[in-house]
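What Swiss-Prot says about this protein:
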BINDING   40, 41, 42, 43, 44, 45, 46, 47, 48, 57, 120, 317, 325  FAD binding site
DISULFID  48-53  disulfide bond
BINDING   186, 187, 188, 189, 190, 209, 275, 276, 277, 278  NAD(+) binding site
ACT_SITE  450  active site, proton acceptor
C-alpha cells in the first residue's frame, strides 16, 4: 500500500463520493479490516440513489400503472375515470430515494465506515482536505484514496439549462406539473426514459437525436423497434437531427429543427430537456496538484483503477467508459482488491449489461452482430418473439423480441439483445452466458420454467442452434 508522505495516515482508505461505486468500495475495504472513511458533499447514495437510477425507476413505475389503468377492461377490471397525479408520483419517487439513501447510511454504519459530510480536495502527500458544512476544515491522511465522484450533465452551447424552461434530468424528476409539450434533446438512455415517462403522463413529446438512430450503441434492430414503439405511442422522433436558434420565452421554448436533406422547421414546446450525456465530476478536486491525469473530462486509469498518482484510484463515472451504476460497483471491488494486494481481473466492458427502462424496455450485453462480424467472427444469430410467449400473452405484452449472437465455430454466445416488457429482468442469464462462454446448446438444454419470459431466451438459442446445423 502507498504510504502517506507528509501526513500521519489516519485511514487506510479514504473514499470521495458515496454513490454505488463509493459506498461499495468503502464497505468492501472495511471488510478487509482496513480503516476506512467516506466523504460526501451532498446526500449519501450519490446521483444514482437520489437523482438518477432509483427515483427515475419509481417515476417510470407510476407511469406504467397509469398506462395500465387507462385500459383495465381488457383484464376484467372496472375503475372508472383515471387521472395522473404528478405531485403524488414525485412524492413517492422522492420517498423511495430517501429510503434508499437511509439504506446506504445503515450499511456504512454497520461496516464501521466513518462518514464525513463535506467537500473533499486532494492536497498531496496522501492528504485530503474536507470543508465541512459549517465552514470548518478537517485534514485527513490516507494510505489510499479512491475517487468516486461520479458525473455531471454535459452542457451544450446554446442549450444552457436555466432550471425552468431548459432543464436537465434532475429538474425533470421534480416538475410540479406535466408540461403540455416537451422537447427532449438526446436519444440515449436518460432521454428515452424521460421522454416515455412524460409522454405517458400526458405531455406531447418530441425527441431530437443527433445520431442516425436512438440508443446508437445498441443493436440496430432494437433501436428501430423502439423508435416504432415510441411513434405508435405518440412520441415524435427525429434522428440525424439537431436544434439551432433555441429561444426561451415566458410561454416556453422555440427552436429550429435541422435535419440533413430536409427544410428546417420550427419546434415549440413548454420546456426542453437536455439529455446529451455527462462528463466526469472532477472540478475542484485538486487533481492537477497531485498529478492525477485526465482525458476528455474523465480521470485516466489502468485496468485496476489506478490513476497516474501513486495511491490514488478512480472508479465509476469519473473514470469514463460506460456510465453505469453497476459498472461503478464492479470497479469498487477491483480497486479495493488492488489496494489489498490482490491481482483483480480488469473489467471487460462488453460484458457489462446495459438497460433502458422505458416500456418496452431494452437490455443488452456483449457484442452486437455488427461488432462480432467486425471482430472476425463467423456468427450465428437466433431470434424469438415475445408474441410467441405464453407469459407475454397472459400479460398482454406482445411487443418485442430476443436476438442472440453466437460464434458459429464454437457455438459460444457473444452477445444478447432484447426489447420487450421487463426485458431488463432477463439480462442476467445472458450476461452469465457471455461471461462463461455458454453455448447455444447449453442454453437450449437448460430447463426454463413455464410460463416465463425467460423461455424467449431458450427459443432464440434454439433458433441459432438450428442455423448452425
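Keep in mind that glycine also has a Cβ here, set from the backbone N, Cα and C atoms.
Cα of residue 188 (NAD(+) binding site) to Cα of residue 48 (FAD binding site): a distance of 17 Å. Residue 48 (FAD binding site) has a Cβ environment of 26 other Cβ atoms inside 10 Å. Listed in sequence order, the residues of the same chain lying 6 or more apart from the residue listed as 'active site, proton acceptor' and placing their CB within less than 8 Å of its CB are 390. If you compare every pair of Cα atoms in 186, 187, 188, 189, 190, 209, 275, 276, 277, 278, the residues listed for NAD(+), the longest distance is 15 angstrom.
Non-local contacts of residue 275 (NAD(+) binding site) by the CB criterion (under 8 A, 6+ apart in sequence, same chain) comprise 168, 169, 184, 185, 186, 188, 190, 191, 194.
In the shown protein chains, 30 other C-beta atoms lie within 10 A of the C-beta of residue 46 (FAD binding site). A distance of 17 Å separates the Cα atom of residue 42 (FAD binding site) from that of residue 53 (disulfide bond). It is 186 that, of the binding-site residues 186, 188, 277, has its Cβ surrounded by the most other Cβ atoms within 10 Å. Residue 53 (disulfide bond) and residue 120 (FAD binding site) are 24 Å apart (CA-CA, integer value). Of all Cβ atoms in the protein chains displayed, 21 besides its own lie within 10 Å of the Cβ of residue 325 (FAD binding site). Mapped onto three states, the DSSP output places residue 40 (FAD binding site) in strand. In this structure, the binding-site residues under consideration are 42, 44, 120, 190, and the one with the smallest number of other Cβ atoms within 10 Å of its Cβ is 42.
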